[in-house]
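These notes are about the structure you will find just below.
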Amino acid sequence: MKALANSLNWLEHRILHLEGLFIALAMTALIVDLFLQVLFRFLLDQPLDFTEELARILFAWLVFVGAAHALYHAQHFVVDLVYDALPPRAQSIAGYLVDGVVALFVLTLAWVGFRAVLSGSGAILPVLQIPASVQTLAMPAGMALMVFHTLVMLFNRRHVGDALAT
Amino acid sequence: LELTVAHVNPPGEASHEAFNELARQLQDSNAGIELKIFPQGQVGGEKDAVEQVQIGAISMTTVANANLSAFAPSVGVFDIPFIFRDADSHPWAVVDGPIGDEVSSKVEAEAGVEVLGWWSAGMRHLFTREKAVESPADLKGQKVRVIGSPVYIDTFNALGAKATPMPYGEVYTGLATGAIDGAENDSSGYRNMRFYEQAPNYTLTGHFFLFKPVVANKAALEALSREQRAEFDRIFADVTAYQRKLAVDNFQQDIETLKSQGVKVVEPDRSAFITAAQPVIDQYAEKFGTDLVQRIIATH
Amino acid sequence: MFEPTSLVFILTVALLLLRAPIFVVLGTPAIYYLWSKGIPLALAPQRLIGTVNESILLAVPMFMLAGRLMNQFDATTRIFDLAQALVGHIRGGLGFVAVKASMIFSAMSGSAAADAVGVGTITVRAMKDRGYDPSFAAAVTLSSATLAPVVPPSIIMIIYGASANVSIGKLFVGGVLPGLLMSSFLLLTVAYLSWRRQYPKGEAFCWRRLATAFSRSLLVLMTPIIIIGGIFTGLFTPTEASVVAVVYVLLLGLVYRKIEWKTLYQTLLSTGTAVGALMLVVSISGLDAWVIAREQIPQLLAASVTELTDSKTVVMLLILAVVLFLGLFMDATPIILMLVPAVMPLVTAFQIDPIHLGVLFCIMCVVGLITPPVGIALYGVAMVSNLPIERVFWASLPFFVMLLLSLGLMLLVPQIITFLPNLLIS
Ligand code: NA
Ligand code: NA
């Protein structure tokens, strides 16, 4: 059990590191892409056609991978007024209850999301001429990462919404 | 039995009125079908609506041909510039005949939705801020906002403009500040979005004829009994004729309204524009099959 | 016994109070709705992606990043030293600066969310550093973010103008005096609260200090000038202005020799993570909006309004009340798209001035962006100020009341809205 927990934590740290790189790269790419749009359209007088579509793809990935990263760092919005006033025992019960609902919710979205990508609308992004699933995959991918983070939290007896011990 | 419709058109627009008419006639008939309508993009944009129809969350929608082509590339053949001579007979001769049937069945194969009929958003025309465009020469170097679709971009570049993709919501401000010099749309979009306040020159280039095919979820239609389906099809055919006529009438009315608002409406020599766009016409004819394109052009 | 719907409602509230993430609280009932109505769950991914597949939202990460970079490069310190030198001797001086900063920012952004995260990132820290209560700083910023879509350019007004078939130019011009009125009301609130709570007063005014601070902040002061100038000369769109701001701030970082790769990486990462948390709520509220549209709730509300009165002012008040109510749960755009067609017959029947109603309607939509449980500006400010949403909201209440008062005034004195458009646009 302990060995499993250790290897899970090791894996989570690798994944967190990759998420971080991915987010920073997506932000950088977004800046470059949008700035090229301005530069080419208005300064070089040669509008680019792909920048807007690319920006929306990057944004979708940024949102859902960013949201997964935020789950680990307990950065999602919560109302903790009532929870904080509860006695420790009730907090623990509430904590597991909420963990369960969160796990079920993100698992459902990951599931229906992957199924939607697989069955596919067949849509093609008009300018880049690549499948729209390049963009729509972002949602289930982010949700799958959330499923993983939630499960590791359960293993570590840390509730969703508990600040990280530093 | 309840069927649902989602579309992005505002009141007064031909498709909006036609769906209301469809709901009314179904109500009055003995088909036992209730039509619930979600207009003006309440449940999402046109591509969202197509996806929701594919999923079965909505029963049907009407979608600009250019947007449908993201799901069903075959319909792109209708978006070749200047392929249609007019807005009230040539398009209908094409889609109501064998070509329409061919393309409809390709749509069903490619996008998994049924084409109920072909509606109209009329011809698309050009509007500019400062200089009224009479010929392609006037368009030289002007930044014209187009939707982010390759054929739109290629066409306007070929006409000498600088095709500039930009989100629809920013076009009004873009025209006001001069970020763009012009844009293109059908008369109802031009009037509804009040673009004429900032770009009061409307040139009737008619560079695209914009079909608004009505597509439906197959399972939703299969839920109708044979009698219901027959009644539905009869009423739908009726409404299609109404929609097409309304699109033409609306255009005349829009032009009157726009003129009374001080818009300069220019009727240019279309052939000069066609000549300039010829390389694009040829390029896309190659892509969709020169045979098919020839048949479309030869249809009377 | 409970029927299933009310049971789900109770469970949802329970979840909220037991510290479930807001996105789960918003999403769970919508999923239940789809399931119970037999609507394919595949709709959920469609709406989640479809809602954030919107170019205008791109301004949010960019302005958020620009604000964080300005903090990191001490550009913020320079500009607030200037502000301190200018108004520091007045009690609550920085509160005034925050309102004015939002006013300036309003002219660059069309969206309250972008304003809230852009200005908020800067003002909240600056005020905290200078001894203000952080939740006061957040509240000032949040309430002044409502100016963004009132002062042109405004995306909300464009959508309203297109839906209600009224002149967008007139709506833009009609927003100018209300913007000034609202900012004066907010300034009054700042003055009153600062006096009541005895907020800090800086050193006495000194020309020399002002001159030094001015020269040190000159390059930073150029930011709004470049951006507003760029928008109004058509060099770039309001959304693109956000990336121009980022690039300009990066250049400032080079000039001030403050760029370090490691902290830059951290800033990119923390901004991206914040964007994820913020936009996930937006994304899921798009699914809720679908459900609200499917049940035609706005239309039902509008229909019940008509039966209550025959006074024009009361009808307008009721319409605005409906907007305020829907604004609790929905973003501005879907409210406009659903409610405007439903109230248009009333405008004709009661001979309401469409510009008067339009501007009021848009302002009320914006108020919805700062109210819980769905309020993108509220969450944005909570995010950048690192405060719980409930604290930010409670601290904002006095400002919120003042905003409603200013709306009441504009309702009773239509000229505040209609004077300029009638004067300038025939
Ligand atoms: Na603004
Ligand atoms: Na709200």
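Cβ atoms here come from the backbone N, Cα and C positions, even for glycine.
Here TrEMBL flags C:10-416 as domain 'TRAP C4-dicarboxylate transport system permease DctM subunit'. Annotated transmembrane segment per TrEMBL: C:51-67, C:104-124, C:136-160, C:172-195, C:216-235, C:241-256, C:268-293, C:313-330, C:335-352, C:358-381, C:393-417, in sequence order.
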Of C:136-160, C:172-195, C:241-256, C:358-381, whichever stretch has the most CB pairs under 8 A to the transmembrane segment (C:51-67): C:241-256
Taking only the residues in the domain 'TRAP C4-dicarboxylate transport system permease DctM subunit' (C:10-416), give me the average pLDDT of this model. 85
Sort out the residues at least 6 away from either end of the transmembrane segment (C:268-293), same chain, that have Cβ-Cβ distances under 8 Å to it, and list them. 22-23, 26-27, 29-30, 33-34, 43-44, 47-52, 57, 60-61, 64-65, 68, 117, 326, 329-331, 334, 338, 374, 376, 379-380, 383-384
Tell me if the transmembrane segment (C:393-417) touches the transmembrane segment (C:313-330). I count contact as 3 or more CB pairs below 8 A, with pairs 6 or more residues apart. yes
What same-chain residues lie close to the transmembrane segment (C:241-256): Cβ under 8 Å, and 6 or more beyond its ends? 58-60, 62-63, 65-66, 69-70, 72-75, 108-109, 114, 118, 219-220, 222-223, 226-227, 230-231
